[in-house]
Each structure stands twice: as C-alpha cells, then as structure tokens.
Amino acid sequence: MNNSSINVSAGTDTSEDRALKHYPLLSPSPLLCRMEGLLDQWLWKEEYWLPPGVTWKDIEIEGDRYPLPRDLFYTLPLALGFIVLRYVFERVIAMPLSRQLGVRDRVRVRALPVPKLETFYKQNKQQPSQSEVLGLGKHCGLSQRQIETWFRQRRNQDRPSNTKKFCEASWRFVFYLIAFVAAFASLIDTPWFWDHRECWQGYPKQPVAEAHYWYYITELGFYWSLLLCVTVDVKRKDFKEQIIHHVATILLIGFSYCANYVRVGTLVILVHDSSDFLLESAKMFNYAGWRKTCDTLFVIFALVFLLTRLVVFPGRIVHSTLVLSLDFFQPFFGYYFFNALLLVLQALHIFWAWLILRMVYKFVFMGKVEKDERSDEESEPEEEEEAEEEEETSWEQRKGALNSKLASLANNCVLNNLTNQRNMNSRLPKAR
C-alpha cells in the first residue's frame, strides 16, 4: 500500500491502481477510488503502522505472502460462518453429548401470567424498587410478597439452562483445542518459538507462512463471532471484562497483522489458547455433574493459566515487544499501541488470576470447587434462585420441626390419657 497523494503521474500508482490491486474482484469506480484515497490519507499512514523510514513497498516480498490490510475484511463473513457452524454444532453434536454425559436442567416454577407485570418486566426493569413494587401491587391487586415472588420467578425463568451453558462451553472447547494443536504443530519448528529475538530479525520484511496466515484469519473471525453473540450468550459475572477482552483481542490481532507483527502475534494467541480449552472442558464436566473430573481439570487449568498468563506472557512475550524489539527498530506509534493492548490483556490476566486463586483457596481448604468465579457464575439471577431455594428449604425445615413438635405433643397427650385411664381402672376395685 502507498501513502502518496492521489496524483496521476508517470511511474506512480493512482487510486484506481491501488483499488484494483487490493480489491481485484471489484471493478474500479470513482467511489472506490475516493474511499481508497481517504484510507491512504487517514488510516493507512505509514508512520502509524511501520517503523520510521519503512514504506508499504518495502514489506512486499515477491513470491511470498505478506500482510495486506484488505485480508481483514475476509474475517467478517468468516465470523458469520462461525455463527452458523456453531448453531449446527450445538444442536447436532453438543445437545446429544450433553444427554449422554448426564446434564440435567433444573425445573423452575413458571411465573403466573400477569399482563401488567409482564409489560413492566419487559419495558422497564427486571428488579423494581420498593415504591414500584407497592404501586404494582395496587394496580394488580396483589400483595408485596406476591409481587416480589413473581419477579423472582420471572427472572429465574429467563435464566439459561445447564444444557445451553454446556453447548456454549463445548463449542469453545472444540475451537480452542483444534486451534491450539494446529498452531503448536506449525510453530514448534520455527526459530522464534524458542528464541524471541527471532521475532524481530529482518522486521518488517518478513514473509508470512500460509499456516500462520490462516491461523490469524481464523482466530480473528472467531473472536468477531464471540463479540457478535455476546448479547445472546450466557451473561456471566465478568461480562464487562469479557467485552474488553474481545475488543482488545480483535484490535491486537488486526493491528499486529497489518504491521506484520505476525511472529510475536502467533505466540500471543498460542499462550491464550493453551489454557482456554482446559477451562471450557472443566465447565462441561461441571454442568454434567462430574465433580471429581471437573475439580481435576480445574486444578490443571489453574496451573497452566497462572504459568502462561503471569509468567510466560509478561516475562517472555511482553518483554520481547517492549525491550528486545528496540534493538531492531526505533519506537513508533504502532510500537506504543501494540504494547498498550498487551498491557490491557495483562491487567485482565491479573484480575482473572485473583479470582482463580480464590477458587484454589476454597479447593484446598474446603475440599471442592463449588463455582467458577472466573467467568461461569451469573451475577444476580443465580444468587436470587439460591436465596429462594434456601428460603424454601428453611420453610420446609421449620414446617418439619413444627410437625415433629405437634406429633410429640399429640403423643404426649395420648400417653397421658392412657395413663390416667389405667389409674382410674386401678382405683375402681378398691372402691368396691
């Protein structure tokens, strides 16, 4: 790509030439040429993406694949393809597998049909305030207790089932596992896998292998699909952190591809995939009720996560991008932007590591992992359902205690009556 102005002169590429080169399936048009010129002027400035003194022409390698920003457009239809494939996978493979593994969905009490409450639930908010509860009670002719119970049951009614959560986890498990195995096989023989200084030898004039090209495009398409489906997926406790993670990952993959940070970028993605498939497998067995298997996988996941995200990632990869890279080029905008995104990811790693260490503490001192505090716990609805179950349990316990007391009292009354009767019978002969 060229950063020259849109002037037609001998020996220079015009906007039509660049448009035909970057979008060969599209015929040149004034609109396309204008868009290409705006991209050259505002977005694809060489000082943004490349070290000082390096131009887009310099990274073009004859006979080899080299990064082109237009390749990123292929990830959008690929993301839609992932969404369709996921839909088919969850219904054809994941759901039958969930039944085979014994996944059971909790039977929930459905809220009674009350049109006014349903309208308020959908249009306003799912958790009304105290004053709103009193107002709704007057309009519907229900007590405050009945209104609160209705909203609690209605919220629990919308909670995702264990089968849905199992299907989501199994889809991510399959992708992360395949991606990790394929990437590891393609990277283990590369020099930069063992010596991170090799990530910068000859930068940015580095050809991109076919396997690494597809690794990048596939990973970016997959994270686009996760971001597009985030509103319909199970909403987890770290929902905001997941959004930040997906956006940072998409920016990181996209920018590193355009700036030809592909070598170090493949290592970043590999480090993340190495523990993600272990987490998803632990979730699957947790939903299936296989507690021992879930606990074992979680311990393995925790060890791998803490090692890769808190030791390898900052100590090897971030150190390479921050320090070692300066031995090969001068810092530029892309250097600061890329490392800022890596530090955002590292901050998220520290946050998740804290949650994981809390779970490890519970596992060591309490004997089991009860909840996935990292990302599998729904925030308020599950807590409400558990509170409701505890309330019902406490009521059952109180009712059972009351019944036992009544039975004991009744037995005492019967015994007293029998004793009095025997005493009366024993006194009758003496009276005669």
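Every residue gets a Cβ built from N, Cα and C, even glycine.
Nonlocal intrachain contacts for the transmembrane segment (72-89), taken as residues 6+ away from its ends with a CB within less than 8 angstroms of a stretch CB, comprise 170-171, 174, 217-218, 220-222, 224-225, 228-229, 254, 257-258. The transmembrane segment annotation in TrEMBL covers 72-89 (among others).
The annotation domain 'Homeobox' is assigned in TrEMBL to 100-161. The DSSP breakdown of the domain 'Homeobox' (100-161), given as helix, strand and coil counts, is 37 helix, 0 strand, 25 coil.
For 102-162, the entry in TrEMBL reads DNA-binding region.
Taken from TrEMBL, the feature domain 'TLC' applies to 164-365.
Taken from TrEMBL, the feature transmembrane segment covers 173-194 (among others). Proximity of distant same-chain residues to the transmembrane segment (173-194), defined by a Cβ-Cβ separation under 8 Å and at least 6 residues beyond the stretch ends, is recorded for 89, 209, 211-212, 215, 218-219, 222, 263-264, 266-267, 269-270, 273-274, 276-277, 280-281, 284.
Residues or ranges marked as transmembrane segment in TrEMBL: 214-234 (among others).
Residues or ranges marked as transmembrane segment in TrEMBL: 293-313 (among others).
The list of residues near the transmembrane segment (333-357) in space but at least 6 beyond its ends in sequence, with Cβ under 8 angstroms from a Cβ of it, reads 47-51, 238, 241, 244-245, 248-249, 251-252, 255-256, 259, 261, 268, 302, 305-306, 309-310, 313-314, 317-318, 321-322, 325, 373-375. Under the heading transmembrane segment, TrEMBL lists 333-357 (among others).
The region 'Disordered' annotation in TrEMBL covers 374-399.
Feature annotation from TrEMBL assigns compositional bias 'Acidic residues' to 375-394.
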* Structure fact -> Residues outside the transmembrane segment (293-313) whose C-beta sits under 8 Å from one of its C-beta atoms, at least 6 past its ends, are 268, 271, 274-275, 278-279, 281-282, 285-286, 345-346, 349-350, 352-353, 356-357, 359-360, 363, 368-369, 372
